[in-house]
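The structure appears below as C-alpha cells.
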Amino acid sequence: MKLPIYLDYAATTPVDPRVAEKMFQCMTMDGIFGNPASRSHRYGWQAEEAVDIARNQIAELINADHREIVFTSGATESNNLAIKGVAHFYHKKGKHIITSKTEHKAVLDTCRQLEREGFEVTYLEPAANGIIPMERLEAAMRDDTILVSIMHVNNEIGVIHDIDAIGELCRSKGIIFHMDAAQSAGKVPIDVQATQVDLLSISGHKMYGPKGIGALYVRRKPRIRLEAQMHGGGHERGMRSGTLPTHQIVGLGEAAAIAKAEMASDDARIGALRDKLWNGIKHIEETYINGDAIERVSGSLNVSFNYVEGESLMMALKDLAVSSGSACTSASLEPSYVLRALGLNDEMAHSSIRFSIGRFTTEEEIDHAIEVITQSIDKLREMSPLWEMFKDGIDLNQVQWAHH
C-alpha cells in the first residue's frame, strides 16, 4: 500500500491510464500532432477529426448536441466565460445576478469583478444542510435578473442541488441558468435535454482527465448568446479563441467516454467505500458530518471533529492526503467560508476535514484510514485542555476567556 493514501479526489484526480495512452498518440511526429485549424493538409484534418470525436464524447456525457460544446482551459475559465459572457451580452436587459455564498471562488470572484463593473449580485445563504432553498432563490429574483449561477455539486461538502427545479424556475422567469458542474460531470448523470440548464461548466482533471482542459456547454435552443472573453483567431465559433490543444481535448473526450460507460459501477463502489469510512469513524465522540447526509455525491465526506485543532489534525494525518477545505483556499488558515455559511462556528469549521474517494481507492486504504483517524483523534484529544473541560461537563460557550 502506497503512503500517503490519496483521499483528495475532489481537489484533482489522477489521469486514467487509458486516457494518458490516448493523449500520447496526439503528441509526437508519428501521432496526430497537427493543428486542428490547418485545413490544407492531412495533419490538420486528422487533428480536426480527433477533436470532433472528443467533442461528441463530451456532448454524449451530458446528452447535448456536439455544437453546444466549447473547449476552454478548465472550469475556472468556463465559469468566467459563462458569467461575464452573459453579463456583458445581456447588460441592457438587466444588471442583476444571483449566486450562492457556497460557490467555488471561480464563480464568487467573477461575480465580485462584475460588481466592480456596476452589476448587482445577490449571494444566497444556504440552509444548514448546504442546499439553497428554492423559496429563497425565487424571492431573490427580480425583473432585471439576467443570470442565476448555482453549482451542481459543492466541492467542499459534496451536496447535490436539485437542478431540475432550479432550471424550471429560471426558465419560467426568463432568466439564464448557469451551473458549475466541475464536481458532478462524469460522477452524476446529467441530461441537458431534460434539465433546463443553459450553461454548464466542465473540468477535465476532476474526472480522470488532464489538467488545463475543460468545456462550457452553451445551449442552442433557446439560443444563449455570450460575449467572448478571449479574442484572437475566432476559434470555437468566436466564443473562445486559441489553438485547440488536440492531446488535451482527446484526453477530456476519452475521460468523458469512460465516465459515461462506468458511472454506475464507479458510483456504487465509491459510495460503498465512503459509507465504510463514515461507519468506521462515526462512533468517535463529537464527530459530525457536514452537509446533507442523503443528497450528496458518492465520493465526498466532510467531517468535523470537535475539540481538535484543524492544522494539528492535518499534521497528525500525514499518512492520508486529505484537505481542510478546497485546494484553492487550503493555503490560507482562515476557516472554510463554505462551512461558515452553513452556520458552523470557527472552531467547528477549523476542525473539519474533507475526505474524497475515487476510482483508484481500495478497501485496504479505507481500513488503514479509519485506523489512522481514530488513533490521531484520541491522541490529540488527550493533549487538549478543551476536551478535558468538555468531559468535565463545562459548557465552553459560557466560559469567559481572559485576554492578555
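Including glycine, each Cβ sits where the backbone N, Cα and C put it.
Swiss-Prot has this to say about the protein:
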BINDING   A75, T76, N155, Q183, S203, G204, H205, T243  pyridoxal 5'-phosphate binding site
MOD_RES   K206  N6-(pyridoxal phosphate)lysine
BINDING   C328  [2Fe-2S] cluster binding site
ACT_SITE  C328  active site, cysteine persulfide intermediate
Since the record lists T76, Q183, S203, T243 as binding-site residues, which of them has the fewest other Cβ atoms within 10 Å of its Cβ?
T243
Reduced DSSP state (H/G/I helix, E/B strand, rest coil) at H205 (pyridoxal 5'-phosphate binding site) is coil
Here the Cα-Cα span from T76 (pyridoxal 5'-phosphate binding site) to K206 (N6-(pyridoxal phosphate)lysine), rounded to a whole number of angstrom, reaches 12
DSSP says N155 (pyridoxal 5'-phosphate binding site), in three-state terms, is coil
By a 10 A CB contact count over all chains shown, which of the recorded positions listed here is most packed: A75, G204, K206?
G204
I'd like the number of other C-beta atoms within 10 A of the C-beta of N155 (pyridoxal 5'-phosphate binding site), please.
27
Within 10 A of the CB of H205 (pyridoxal 5'-phosphate binding site), the number of other CB atoms across every chain shown is 22
